[in-house]
Amino acid sequence: MDTYTSRHRYGVSALLRLLALSSLLVGTLCEELASTHHTIEVSSLIPSVSCKTSSSKGSGKASSLKVAHKHGPCSAEGRLAAGGVQQPAHDEILREDQSRVEIINSRLVQRTASLVGPNRVRQSVADLPAKSGKTVGSGNYVVTVGLGTPKEDLTLIFDTGSDITWTQCKPCVRYCYQQRDPIFDPSASTSYLNISCTSASCSRLATATGNIPGCSSSTCVYGIQYGDRSFSVGFFGKEKLTITPTDTFDGFMFGCGQNNQGLFGSSAGLLGLGRDTLSIVEQTAAKYGRYFSYCLPSSTASTGYLSFGRPSTYNGHFGRTSVFPVSLKFTPLSTLSQSGTFYGITIQAVYVGGKKLSIPSSTFSNAPSIIDSGTVITRLPPTVYTALRDAFKQEMTKYPTAPALSILDTCYDFSNYTTVDIPKVGFSFAGDVYMDLHTVGIMYTASTSQVCLAFAANGVDTDVLIYGNVQQLKFEIVYDVGAMKLGFAPDGCA
C-alpha cells in the first residue's frame, strides 16, 4: 500500500510538472505569436452601417475639424447612399485609386500646360466638355469649413496631394455637379473680392495647379485638372475662411468654380493641404506655423479629425497629458526635385512577421517616395512588393485563398473563421523610426470571403512610392512643415 501510494504521488507530481511545463510552453508560443502576428476577429472586418463618432478630441487642439469618409454613414454622401443612392463598388474605388497614382506619376514629369488662355474665361469654360470623369482620384475624406460673410458651411475633400482650395460657385457659367450644401454665391458675401490677373497671386497659380492662369475682364482665372477630363475652372478670388468660431482668415485665396466635373461626390469642392504658397497650410502659416495633423477614420463608419496648429497639450488615452503623445516619432520630410507639392519621405526597410525583408537599399533610394492622404493603397516598387507578398503568403498557408480584387492580387476567404492570425507588417523610416501597422492597415476587406493584402506594385521600381491612407489608419499623422518633419503616433487616434 505504501509503495502504491508513493508511486501514485510520484505520478501525480510528474503529471503536474508536465502540465506546468506545457502551460509555460503554450504561454511562450502565444507570446511569440503575439510579437509577430495579429489576431483578428473576422466580424470586426466589416464596418458598421451606422455612424460611430470617434471620442478623439483632435489632440486637445481647438482648431480641429471632424473628418468623415465620403462614402461612409458619417458623411452626407454616405447617408444619401444609405437612402438609395448607389455607392461605388470596391473594384471601382480601386480603379479610381490606380488612376490617381498614374496622375501623380505624370505630374512628376509633366510640364506646366495652358488650360485656359487669356481673356477666354467664358469661352474656355464653355469649351471644356461636360463629361463625367472616371479617374479623378481626388481623395476620400471630407471636412466642413466656413466661407464668406455671412458664413456658409461647405463640405470639402481634403487632400495633401493638392495645393489650391476651390468650391463650386454661382452662377455656374457652364456646369456645377450636384452637391449637398447650397452652392456658394460670392455675390451674397460682403467679404468676397476677385483677384486681378496682373497680381503676383494669379501668377502663382501656374505652380499650384500645373496650368497657366487665364484672364477675363481683369479677373484671374484658374484651371485645374485631376485626370481624364476631370476638372474645375473658374475665377480666382479672396474670401473670409472660417476654420472654427475663433479661427478666421480674411483674404483667403481660393478658386470659385464655374465649370466643374468629376467624381467629387456630393462635396462642395476640395481643400488643398499641399506645400505650395497657395495651399491652406501656407496661407494660415502666420497662425498655425505650417503645422497640421490628422487621424483618418479607422472605418467608413467612424470619424477622425484634421487639426491645425501645434498643440499646447495632448489629451490621449489613459488620462495622459503632455505636449505630444509619448509614442510620437518624427522622420524627416523631403522635397521631391520633380514637384514641390508632395510630402517626400524616406522608407528604408519593410518587415513581415517581425523579420526584415532582404531588399537592396538602392531599391528604396531609386524611387521617389511620398505620403499622401488621397491615395488609398500603398504603392511599392515591384521588387519590394514581391518580397512583402511572398513573405506574407508564407505565413498565411493555412487559410483558403480568394480571387484577386482589382489591383489587389493576394486575397483570402475568412468566411468560415471566427478569428484569424495575420503576420505583422512594419516600415522603417529615416531618423530611426519604426512603425508596426495596425491590423486595419494590412488588409483591405471587400467581404469576409474576400480579404486582401492592402498593398500593390508599381509598374517599375523607379515609379513613385506612395504611402497610402489605408496604412495610415489608427495613426495620428503630424506634419511639421516648418521643421520639415513628419510624425507618427500609433496610439494617437481613438
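Positions of Cβ are set from backbone N, Cα and C atoms, glycine also.
Because TrEMBL annotations are produced automatically, they should be read as predictions rather than curated entries.
Quick look at what TrEMBL annotates:
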{"type": "SIGNAL", "residues": "1-30", "note": "signal peptide"}
{"type": "DOMAIN", "residues": "141-489", "note": "domain 'Peptidase A1'"}
{"type": "ACT_SITE", "residues": "ASP159", "note": "active site"}
{"type": "ACT_SITE", "residues": "ASP372", "note": "active site"}
Rounded Cα-Cα span from ASP372 (active site) to ASP159 (active site), Å: 8
Neighbourhood of ASP372 (active site), C-beta criterion under 8 angstroms, separation at least six: ILE104, THR160, GLY161, PHE342, TYR343, ILE466, TYR467, GLY468, ASN469
Packing count at ASP159 (active site) (other Cβ atoms within 10 Å of its Cβ): 25
